[in-house]
Amino acid sequence: MINPNLVLERIRQNKKTGQLWTYPGGIHPNQNKLQSNQKPIRSLHLPKFFYVSTVQHSGWSGELIVKVGDYVLKGQQLTQGEHYRQLPVHSPTSGKVVAIEPYVSSHPSGLPETTIIIETDGKDEWIERHPIEDFLTLTSDQIIQKVYQYGIAGLGGAVFPTACKLSLADKRCKVLIINGAECEPYITCDDRLMQDFTAELLEGIRILRYVLRPEEVVIAIEDNKPHAIAAIEQALKGANDMFVRAIPTKYPSGASDQLVQILTGLEIPQGKRTIEMGIVMHNVGTAFAIKRAIIDDEPLIERVVTLTGDKIRNKGNVWARLGTPIIHLLEQVDYQADRRFPVFLGGPMTGFILPSLQSPVTKTANCIIAPDHFEYAPPEPERNCIRCSNCSDACPVSLLPQQLYWFARAEDHQKSMEYHLDACIECGVCAYVCPSYIPLIQYFRQEKAKINEVEQKAKKAEEAKLRFEAREARLQKEKEARTARISQAADKRREEIAQNQGADPVAAALERIKAKQTAIEAVKTKENGEPDNSELMTQRRARRLAKQTDNIKTTNVAPENEISDPRKAAVAAALARAKAKKTAQQADGLAAEVAPENEIADPRKAAVAAALARAKARKAAQQADGLATEVAAENEIADPRKAAVAAALARAKAKKAAQQAGEVAKEVAAENEIADPRKAAVAAALARAKAKKQAQQKGLEE
């Protein structure tokens, strides 16, 4: 890495002795500058419509702050950005915003770009401005911020945001170089600017000097501009804060790396920037725009454009408002349209054919060339490379263009990068000297675009990967934090309950569950260890019996006072006998079911209990049968009143028989308590419920 102090030493040596160095390669094409630099810069009439592109610099477009239908003034801000790479654009005149839509761009592709279309009102009315006389009343930060807000970018061709360059160079600048070389043929806009606006240009340079605080300031101008050199030297008489250095005419001496090499003899390493060597470089047009912004309070809304070529009769340099259609400029300088010959934007070495003359003037537009048949010939057909090495000899960056050509054709991106394609400054020298008419610059630009696309895809993939990993880490962290919070809350609750009750509730609950399971296992296990399902069987039978009882229909029950017919009374008596008998049988069956379940405890007692149950059930059945006989005898009475009385007596006796059957179930349950109190209680309860329900049903039927 080159020491900035060495650069400063070489510049001071140049200042004292005038010593200059050179760089490898380069060419000396015909200049063709005299046809346009003989007249002062002039202004033209304004067009009816302006087409202001939202992107006119090396960076990104800002956010629109106007809408269709808004009335805007000259110099009013149309977009705003969030950082220095988002330069705002401003209205070139006063008028109405009639559209915001894609419009053909001043680019080789001609692809549409978002454009603000303004219809002029003819007043050309400025916004409110606040000019100042002395820039020393502002701080460096205030100047940088104003340079940004007023949309100033490098006007030498790269259009890099000036505020960004100034902020990056803070406290590192040793040498400030003002580039007035203007080495490309035909272009004379900087030449005329230095001649016609010398004082304002020097004021802009002093503003840069105030912000950057360099130790030396040098203005470099090619020696084919004697009038510009003389004008600046005359203005600098008696001043010692900067000096002018004339350099030999050679293309591309105006490129930043080559100009540094001429002035210092030091070559900037590949991949490094001039600021890393303590050097900051600005174009003369940029310095002039800074003066207009800081002193006059005017944003960048116009620039000097060279109009030249044999198809233009009134050649020269003009003030062109940004957004002016190029065809409007050409019509005012007597352009003779000819479809056989294209119009170029830029110089003959780095420029391109305009896809449409409706394209607007932007901050990059420094020259418009309209050639005739003496200046322009259709491109020769491309031939095979003969490996003559002319391109390598002429390359000012010491690259191997013929090798890069093969790599570009094969789309071997890795090899292209290994051979430093990124160091190519696209000056066009290699294509100029190629005897095979190979458009090398086109190949190199396409290869750079492809490499950039691959890198952007890789960058996006890496960013997506990082976002995914960050998301996973965040989710895992949130999960761990949530688990920790839940655990802490549970521990806190247990501690609080333990303090209030003296025991851990969770542990106590677990102990209760364990004790309950042990008790259940003890109850449901026989003496021999086999499982005891008798209780479940009893409950199942009881549920079945209850279901059968529920299915008995209780309809067609005649009121007691309606049984006046002897025949009906006889039928009722028969039904009563049947129901009583069925009740006795169910009671006998219940006793029989309960008896086997209790045999495990004491077989003898179970047998006695079963015998008693059967005896009592027979007695209840006999009583029910006797009751039915009495009812039948009584039904023989022909008197309806007596028949009704007999039926009522039959119902009462049937009800009494059902109650006795219920008592039998109770006694059986009581006797079985010796074997198993729990099972006996369950069986007795079920028996009572069933007997009572059956008695009620019989009473209703009678």
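Each Cβ is built from the backbone N, Cα and C atoms, and glycine gets one as well.
Within its own chain, the domain '4Fe-4S ferredoxin-type 1' (375-405) is flanked in space by residues 23-27, 32, 252, 255, 257-258, 309-310, 341-342, 369, 416, 419-421, 423-425, 427, 429-440, 443-444, 447, which lie at least six positions past its ends and keep a Cβ under 8 Å from the stretch. The domain '4Fe-4S ferredoxin-type 1' feature in Swiss-Prot is assigned to 375-405.
DSSP assigns Cys388 ([4Fe-4S] cluster 1 binding site) to coil in the three-state reduction, placing it in neither a helix nor a strand. Taken from Swiss-Prot, the feature [4Fe-4S] cluster 1 binding site applies to Cys385, Cys388, Cys391, Cys434.
Marked as [4Fe-4S] cluster 2 binding site by Swiss-Prot on the basis of sequence analysis: Cys395, Cys424, Cys427, Cys430. Within its own chain, Cys427 ([4Fe-4S] cluster 2 binding site) has Tyr251, Pro252, Ala255, Met349, Thr350, Pro396 as residues 6 or more apart in sequence whose C-beta sits under 8 angstroms from its own.
The domain '4Fe-4S ferredoxin-type 2' annotation in Swiss-Prot covers 415-444. If you average pLDDT over the domain '4Fe-4S ferredoxin-type 2' (415-444) in this model, you get 94.
Annotation comment: Swiss-Prot describes 482-503 as region 'Disordered'.
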Query - Sparsest-packed among the binding-site residues, when each Cβ's other Cβ atoms within 10 Å are tallied, from Cys385, Cys388, Cys424, Cys430 - result: Cys388
Report summary line: With neighbours defined as other CB atoms within 10 A, the best-packed of the binding-site residues Cys391, Cys395, Cys434 is Cys391
Query raised in the report: Using DSSP, how many residues in the domain '4Fe-4S ferredoxin-type 2' (415-444) fall into helix, strand and coil?
Result: 17 helix, 0 strand, 13 coil
**Report entry** Residues flanking the [4Fe-4S] cluster 2 site, with Cβ no more than 8 Å from the Cβ centroid of Cys395, Cys424, Cys427, Cys430 and excluding those residues themselves
**Finding:** Gly25, Cys391, Ala394, Pro396, Val397, Leu399, Pro401, Ile425, Glu426, Gly428, Val429, Leu440, Ile441, Phe444
**Report entry** Additional residues around [4Fe-4S] cluster 1, ordered along the sequence, whose Cβ is within 8 Å of the centroid of Cys385, Cys388, Cys391, Cys434
**Finding:** Ile386, Arg387, Ser389, Asn390, Pro401, Gln402, Tyr405, Cys430, Val433, Pro435, Ser436, Ile438, Leu440
Requested in this report: In whole Å, note down how far the CA of Cys388 ([4Fe-4S] cluster 1 binding site) lies from the CA of Cys430 ([4Fe-4S] cluster 2 binding site).
Outcome: 12
Report summary line: Rounded Cα distance, in Å, between Cys434 ([4Fe-4S] cluster 1 binding site) and Cys424 ([4Fe-4S] cluster 2 binding site) is 16
Query raised in the report: DSSP helix, strand and coil counts for the region 'Disordered' (482-503)?
Result: 20 helix, 0 strand, 2 coil
